[in-house]
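Engineer: Quick one: the structure is below, questions incoming.
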Amino acid sequence: MPKKKPTPIQLNPAPDGSAVNGTSSAETNLEALQKKLEELELDEQQRKRLEAFLTQKQKVGELKDDDFEKISELGAGNGGVVFKVSHKPSGLVMARKLIHLEIKPAIRNQIIRELQVLHECNSPYIVGFYGAFYSDGEISICMEHMDGGSLDQVLKKAGRIPEQILGKVSIAVIKGLTYLREKHKIMHRDVKPSNILVNSRGEIKLCDFGVSGQLIDSMANSFVGTRSYMSPERLQGTHYSVQSDIWSMGLSLVEMAVGRYPIPPPDAKELELLFGCHVEGDAAETPPRPRTPGRPLSSYGMDSRPPMAIFELLDYIVNEPPPKLPSGVFSLEFQDFVNKCLIKNPAERADLKQLMVHAFIKRSDAEEVDFAGWLCSTIGLNQPSTPTHAASI
């Protein structure tokens, strides 16, 4: 279907000239923002949603600790705790991430300054940013609240995520990574199911990407638990690029498709338990080296073997064959897509442009999938009355 010429983005200046969290909301800023948004290939619905978010954001003004009321805890990890909060002056519901750091004021100020880049990150595939500030020993990052939570939470309820749904997830992740790279020259650095957020409108967005080098350095010691999604080249301490994010996406897709973290691979017996039938393929083979393998504590599978020690797991990622999807359960296109993401040599691994034209992505893009309906029935959410773009089954 040919794309309609997008109508210009309409952004109205805040009536009282209030600041967008400390930055001027002068009309020149709005014009620059309007121009950037028009460069993005958005459909009508995406354009309207982004427009609505940015118009709401103008009403927020400077963020202060006293202006928030805690509603509930959404999750913890990556060195911080995330709360669902109400921003009393605007009445908006937000997600507020609190990161406790024992750091000097100069470092703290640099982190807040670097986080301001997030104001420029406006894409349907990136979680919206309201602002960042420091208060009582904690850095607060205030974001759009995604009512479906993260895909690791969805996976716990679903058991496994269907291939058609993962097709839509793959498109959103590739488009989000492409946007970060092309428009902001940054890579994500931490792609995993808990950093892919979803909502009842059927939107899929990336969060927690490495925009602040100083924050990455300050939190270096808290990243041990997430190393299981890191690429072999990154674990070996060699140069890494956005190709590393592609490995992490591939690993995440295998985990969500199979229903458990895929290293070490499930054996034939476990695959039979997971899928309720005999499953062929490499994933069912015994790990190549004699060892006492097991799964990391974070997986959701039926593997009764003792969990792998973290050093053993990292050694496995670097030295053993990469995970694969079991054949006979998933389409050949999906299997090939994952294989191209999980090539150990980053120079041979598919890049974002190649993945965007892969047969699996082309097929997934053409498929009508009610992502919002599937999500809401899986996790018990009420679906909003406005149908999602892909929900016209």
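Backbone N, Cα and C define each Cβ position, glycine as well.
As annotated by Swiss-Prot, region 'Disordered' applies to 1-27. The domain 'Protein kinase' annotation in Swiss-Prot covers 68-361. Feature annotation from Swiss-Prot assigns ATP binding site to LEU74, GLY75, ALA76, GLY77, ASN78, GLY79, GLY80, VAL81, VAL82, LYS97. The active site, proton acceptor annotation in Swiss-Prot covers ASP190. Annotated phosphoserine per Swiss-Prot: SER218, SER222, SER298, in sequence order. Residues or ranges marked as region 'RAF1-binding' in Swiss-Prot (evidence: similarity to another entry): 270-307. Residues or ranges marked as phosphothreonine in Swiss-Prot: THR286, THR292.
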Engineer: Whose Cβ, among the binding-site residues LEU74, ALA76, VAL82, has more other Cβ atoms within 10 Å than any of the rest?
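Structural biologist: Output for this query is VAL82.
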Engineer: Sorted by position, what residues of the same chain at least six away from SER218 (phosphoserine) have a C-beta under 8 A from it?
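Structural biologist: Within the chain, SER218 (phosphoserine) has Cβ neighbours under 8 Å at LEU101, ILE103, ILE107, ILE111.
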Engineer: Counting every protein chain present, what is the number of Cβ atoms, excluding its own, within 10 Å of the Cβ of GLY80 (ATP binding site)?
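Structural biologist: Taking every protein chain into account, the count is 20.
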Engineer: Fill in the CA-CA distance, ALA76 (ATP binding site) to ASP190 (active site, proton acceptor), as an integer in Å.
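Structural biologist: The Cα atom of ALA76 (ATP binding site) is 15 Å away from the Cα atom of ASP190 (active site, proton acceptor).
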Engineer: Taking only the Cα atoms, work out how far VAL82 (ATP binding site) lies from ASP190 (active site, proton acceptor), in Å, as a whole number.
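Structural biologist: Distance between the two Cα atoms comes out at 17 Å.
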Engineer: State the Cα to Cα distance, in Å, between ASP190 (active site, proton acceptor) and GLY80 (ATP binding site), rounded to an integer.
Structural biologist: 14
